[in-house]
Amino acid sequence: MQKPRIVLKIGSSNLCNGKIIDKTQIKALAQIISELKMRFDVILVSSGAVASGHTTLHIDRNTLQNKQALASIGQPLLMESYREALKDYAIPTAQLLLVWRDFDSRKNTTFAKDTIDTLLAHNALPIINENDTIATDEMVFGDNDRLGAYVTYYFGAKLLIILSDIDGYFDKNPHQYDDAQILPIVHSIPSQALEQTHSPHGDFATGGIVTKLIAADFLLQRKCMMFLSHGRKLDVLRDFLLHNKQSSGTLFCPADSQGIKTLI
């Protein structure tokens, strides 16, 4: 019986501790991936190439040219960290670097999916990142949130898990309101939430949450799901996927779906 396919996306803020790669966090991620692979086919979308490169070459990360250079230095460092952590579980790692045009071309998308299918059939972990070395300011996915959504839909998964530095999607800005509450289940996203100005380094209201909502909206329109939770609280993910218990986080799912039960 074929396992359900899921995509796990982790942001750079959860992979670095200050200016160094957080090996403890990567080991924890490797452990939960090994557990998830007992029940699911897992694809990992990982940010962190630029941040990893910056641990070796301390140059300004805000210019496009420097960002591309740092990504070319950091990507092999990032992959080596994953390879080292996952070898204890006998899980081979594979690298795929993608850009927007890979999804504009049916041919490229098919080739990439065929490669992923083959890797999963042999228990390997496909690790996907945006190809920052050749990406431009006009053609970026946004901290890989939208890349994760595209990978989920085009490569045959039904659930995207985004591990972030927030606990979920709140009913109001938790940095401004002490009574802000996590919304456990969301079936639709208001258009005004998607139209906010966003930047990768903004605050909660105008920063990374917006790209996550755009990713969720993309998937909801295609009858797929997304789960948003904190990347440093992996027991939440473990409870959700392995014990059918939602202790925190937000599940974005179509109103007519049975949620996570469709995968378990």
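In case you wondered, yes, glycine gets a Cβ from its N, Cα and C as well.
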Per Swiss-Prot, member of Asp60, Asp132 binding substrate alongside Ser47, Asn144: Asp132
Residue pair Ile209 (ATP binding site), Asn144 (substrate binding site) - Cα distance, angstrom, rounded: 12
Ser47 (substrate binding site) and Asp165 (ATP binding site), Cα-Cα, nearest whole angstrom: 13
Rounded distance in angstrom between the Cα atoms of Asp132 (substrate binding site) and Lys9 (ATP binding site): 16
Other CB atoms, at most 10 A from the CB of Ile209 (ATP binding site): 22
Binding-site residues listed as Ser47, Asn144, Thr211, least Cβ neighbours within 10 Å: Thr211
Lys9 (ATP binding site) versus Ser47 (substrate binding site) - Cα distance in angstrom: 8
